[in-house]
Structures are given as structure tokens and as C-alpha cells.
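As C-alpha cells, the structure follows; a few thoughts come after it.
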Amino acid sequence: MEKTWNNKAWFFVLPVLLLVAFSAVIPLMTVVNYSVQDSFGNNQFFWYGADWFREVLTSERFHDALLRNLLFSAIILAIEVPLGILVALAMPKKGIWVPVCLVLMALPLLIPWNVVGTIWQVFARTDIGLLGYTVDALGIDYNYVRNVLDAWVTVVVMDVWHWTSLVVLLCYAGLVSIPDAYYQAAKIDGASRWAVFRYIQLPKMGRVLLIAVLLRFMDSFMIYTEPFVVTGGGPGNSTTFLSIDLVKLAIGQFNIGEAAAMSLIYFLIILLLSWIFYTVMTNAGNDKPMTGGAE
Amino acid sequence: MSDQATTAHPSLPGAAHSESAIAARSRMKTGHFKWKALIPALYIVFLLLPIYWLVNMSFKTNQEILGTLTLWPQNPTLRNYEVIFTDPSWYMGYVNSIIYVLMNMVISVAVALPAAYAFSRYRFLGDKHLFFWLLTNRMAPPAVFALPFFQLYSAFGLIDTHIAVALAHCLFNVPLAVWILEGFMSGVPKEIDETAYIDGYSFPKFFFKIFTPLIASGIGVAAFFCFMFSWVELLLARTLTVTDAKPISAIMTRTVSASGMDWGVLAAAGALTIIPGAIVIWFVRNYIAKGFALGRV
């Protein structure tokens with residue numbers, strides 16, 4: 001759409017700016033402020049320069065949490081995105097089952113995150129939970145409180161349960177917006193199922209898929225409540241992701257300076273990785289020969 | 001039910017309906033259909049099992065929960081729900097949550113509307129940077145903001161008020177609302193604005209009488225997502241409240257640690273938190289899918 005150049009539009013944006021300034025800029029400045037100072041208590045602060053940043057960047061604890069979180073996000077994306085596309089493709093396009101499917105699938109998205117944690121904490125317990133009991137009855141030694149692998153499996157399955165529906169809903173939104181003429185043309189051409197997916201459905205889903213990947217990446221990288229409720233970051237530190245580690249540092253140990261420096265590094269990593277995802281995925285979309293005319 | 005199904009795809013042109021029905025039937029004939037239906041069915045079973053287990057537990061006595069594993073309550077009891085509905089410290093949690101979620105929804109949509117209009121209709125100095133900067137707030141981990149928020153709101157004497165939580169949740173809901181509304185508004189042709197001005201409408205009259213009804217579904221979708229992300233968030237809501245505005249999800253965690261695991265009440269409280277979300281989804285079911293498709297990155 002042709003847009004008019006008009007700087008008065010700033011007045012429309014002003015309420016948002018003021019609100020976000022209050023709820024984002026001021027707190028962020030506080031974090032920056034803390035990250036360059038140290039304190040001996042009594043609210044007496046002194047300049048500490050970039051030392052906190054150096055400390056965080058060289059600390060093994062931060063590296064471990066970062067690697068764990070990267071691994072977690074990678075697993076989550078590798079499972080949820082293909083599974084979400086698969087379910088969206090298999091969903092009925094019309095009929096009485098459409099609203100039923102949509103409502104049931106959206107259900108986990110609207111459960112408070114600590115309740116999600118509670119549900120899985122209970123569900124996976126070997127004494128009172130259906131899943132834990134069943135797995136145990138099958139003769140598999142399963143205990144998410146003691147065993148690192150079991151804890152990871154539980155947290156990953158929980159996240160798949162919680163968030164795959166978001167990918168499904170987004171992909172489904174992309175799929176229903178494809179005009180039937182495309183499929184008819186493909187049928188006349190005798191295109192295979194794979195060709196239809198590769199050259200019609202995938203390009204048309206490109207934009208919503210980008211949103212899905214970005215949202216899933218951001219949220220899995222910021223995950224806090226659910227694993228905290230289920231495993232409390234344990235066993236040991238094996239499920240201590242960045243947010244859990246940050247809260248431990250800031251509130252548990254009250255190490256404000258280091259926590260603030262870690263916050264900023266953490267935020268920058270999310271921004272950087274989101275930007276990389278965005279750039280790579282938009283470029284990949286542009287390279288496809290079929291997308292040009294379709295968009 | 002069948003007209004609901006049709007309204008689920010308002011984006012499809014009407015003429016295509018009969019053609020696609022033929023296509024669907026031909027797909028059925030080849031036998032793909034049954035196999036295809038299995039995938040969503042299995043997926044939904046996977047989604048519902050843990051929820052069923054929670055609801056199942058909420059109707060059991062603690063004895064039964066801890067005693068034997070039963071697939072449905074042998075001695076169904078409403079005692080767990082009774083505990084919640086007779087104790088203000090429990091049920092006020094739901095009231096608090098709903099108050100701040102509604103406040104957040106109203107604030108987010110109200111400030112996002114003019115901003116989204118500006119982004120969809122005008123070019124102005126720094127518009128693209130501003131839009132991207134707004135979106136970066138969606139990427140800010142709440143854990144980063146918990147402590148500074150606490151200090152900021154303490155300074156303003158807002159701790160333990162509903163408005164504090166509502167404002168804090170604007171951090172991630174306002175960018176999202178602007179983003180969704182901008183997508184919907186860009187779908188409305190600019191000629192409509194121009195025609196209205198030629199017809200002598202003033203801007204406010206045009207905006208509320210003509211423009212707002214046109215993007216009503218967009219407002220609904222934006223409000224839905226604000227509801228969703230505000231309702232499910234716990235970290236900030238818990239940090240900013242003490243007793244008067246404490247959300248139900250925070251009350252749950254406190255009671256779990258204090259009372260030596262009253263599993264039945266915990267399950268009942270959890271099951272009750274699912275209901276508001278379920279009601280909201282039912283109302284917006286026809287727009288959930290459409291809402292994100294119109295968004296822009």
C-alpha cells in the first residue's frame with residue numbers, strides 16, 4: 001500500500017512510546033546501571049566498569065546454562081516445527097471438526113505456565129501420575145527427579161505438549177489462505193503430494209512459519225516457569241536454563257551486578273539469534289523459484 | 001454446526017466452496033482421508049491426556065490419589081472444589097488474575113490502536129526502526145525485568161496493585177497488539193479513509209464509526225492474544241504482588257509448599273485455571289487461525 005509521508009503520525013505512536021518507555025526503557029536502564037557497578041550493601045554503589053561483563057562471559061556457569069538453553073531450543077524447534085506442519089497438513093479444512101480441533105488444540109496455550117508445570121509434575125510421577133506409572137510398568141527405570149536424561153525428556157515432552165499447537169495454528173492459518181485454484185492446477189499437472197507440499201504449501205506457509213519459528217525460539221530461550229516447577233533446575237544443574245540461572249543469581253544469591261550484566265548479554269543473544277533466524281529464513285524464502293509470483 | 005464450519009474460513013472466496021468439496025471427496029476416495037484424520041486425532045489425545053489426569057485427580061480424595069492408581073474417581077468428591085470456593089484467599093486469586101488481565105487487555109489495545117493506524121497508513125521519521133524496537137520488547141526475557149520492575153513499581157507505590165501487573169504485562173503485550181492490529185489495518189484499503197474524508201467525516205468520527213467496525217475481528221484477535229499472554233504469565237505477576245493482587249497461579253505455588261501437598265486441592269485449582277482460557281478460545285475459535293495469518297513480520 002502507498003503510504004503518505006506524515007511526521008504527525010508520531011502523535012499516534014506517542015501513547016505506546018510513553019507506556020513502553022515506562023515498562024521497558026526505565027527498567028532496562030536500571031539493569032544497565034547495575035551492570036557497571038558493585039555494592040557492599042547499604043545502597044552504596046561504586047563504578048565497576050566492564051568487569052561484570054568479563055566475569056559473566058568467562059564464567060563456566062554461564063557457558064553451561066547457555067549451551068543447555070541452546071540445546072533445548074534446538075531440540076524444541078526440531079520437534080515442534082515438523083510436528084506442527086504435519087498436524088496442520090492433516091487437519092480437516094472444513095466441516096464440524098474444524099472448530100473442535102482448533103479449540104482442543106489451543107487449550108494448552110491458555111493454561112498458566114506454572115499449572116502446565118504442575119500438570120506434568122503430577123502426570124510424570126511414577127506413584128500418582130499416569131505417564132510415570134505407565135512407563136514404570138513397562139519396565140523402564142524412569143525418575144525425572146534423579147535421572148538427568150529423564151528430566152530432559154520430561155521437560156522436552158512438556159514443551160512439545162504445551163507449544164506445538166501454536167505452530168499448528170499458525171501453519172493452519174497459512175494453509176487455509178491458499179486458494180483452491182492452486183491445488184486444482186497442481187492436480188491437472190499431475191503433481192505428486194510432495195511437489196504440492198514443496199512448491200505450493202511450503203512457500204505459502206513461509207511467512208507464518210517464520211513467525212512460528214521466531215516465537216518458538218524466543219519463548220523456548222526465555223523458558224522459566226515450567227521447568228522450574230517440574231524439576232527446579234535439577235537434577236544438579238542439568239535443567240537450569242538461562243532464565244532460571246538468572247533468577248538464582250539475582251534473587252537467590254542477590255548478586256545484582258553480575259545478574260544485570262548477564263541480563264544484558266542474555267537479551268543481546270536473543271536479539272542476535274532472532275535476527276539471524278529472520279535473515280536466513282527470509283533469504284531462503286526469496287531463493288525459492290516458485291515464491292516470486294505467488295506472493 | 002455446519003454454518004460454524006463455513007465461517008471458520010471467511011478468507012476463502014465463496015465460489016471456491018463447491019469446488020473444494022469435490023476435491024475433498026476425491027481425496028477421500030483415494031483412501032488418504034482416514035489416515036490423515038488419525039494424525040490430528042492422536043495429537044489431540046496426547047494433548048488431552050494430561051489435562052484429563054488433572055481433572056480426574058481433582059475429583060478424588062487425597063487418600064485415593066496416593067493410594068492406588070485409578071483411571072477415574074472411584075469415590076467422586078467435590079471436597080477439593082469446596083475448599084477453593086469457600087476460602088477467600090483461594091477464590092480471590094481468580095478475581096485478581098481476571099482483573100489485571102482485563103486491565104492489561106484494555107490498556108494494550110487502547111494504546112496499540114492509534115499506533116497501529118500510524119504504522120499502517122503513514123511513513124514517518126524512524127517508523128521502521130520504531131516498529132522493530134517495539135518488537136524487540138517481545139524478545140525481552142521477563143526474568144531480566146523482574147527485579148528492576150519491582151524497584152520501579154516500589155518507587156511509585158504500585159506494588160501489590162492490579163494496575164502494576166497490568167502495566168508490567170504491557171511490556172510484551174503492547175508490541176504484539178500493535179503487530180497484529182497493523183496487519184489487520186493494512187488489509188483495509190486506504191481508499192476507505194479517503195472516501196470518508198471527502199464525505200466530510202472528521203478523523204475521530206471516521207476512526208470510531210467506520211474504521212473500527214472494519215477491523216473488529218482484528219481487535220478481537222489482539223485482545224485474545226493479550227488475554228492469553230497475560231493470563232499465563234507468572235514470574236512478573238508474582239514478583240509484583242504480595243497479597244491483595246496475588247494471581248491464582250501464585251497462590252497455588254505457595255499452598256503447595258506450605259500444606260504438605262494437598263494434591264486434590266492443587267488439581268482442583270489447576271483445573272479451574274483452564275476454564276477461563278477455554279471460554280475465551282470458544283469465542284474466538286473462528287479467528288485464531290486467521291489472526292496470525294494477517295500479521296506481519
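The backbone N, Cα and C atoms fix where each Cβ goes, glycine too.
Now, the feature entries from TrEMBL:
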DOMAIN    A:66-277  domain 'ABC transmembrane type-1'
TRANSMEM  A:12-36  transmembrane segment
TRANSMEM  A:70-89  transmembrane segment
TRANSMEM  A:96-115  transmembrane segment
TRANSMEM  A:160-183  transmembrane segment
TRANSMEM  A:204-224  transmembrane segment
TRANSMEM  A:259-280  transmembrane segment
Sequence-remote partners of the transmembrane segment (A:70-89) [C-beta within less than 8 Å, at least six residues beyond its ends]: 105, 155-156, 159-160, 163-172, 174-175, 197, 201, 205, 209, 212-213, 216-217, 220-221, 223, 241
Outside the transmembrane segment (A:12-36), six or more residues from its ends: residues with CB under 8 Å to it: 47-50, 52-53, 256-257, 259-261, 263-264
Non-local residues, at least 6 beyond the ends, that sit with Cβ under 8 Å of the transmembrane segment (A:96-115): 87, 161-163, 165-166, 168-169, 172, 225-226, 229
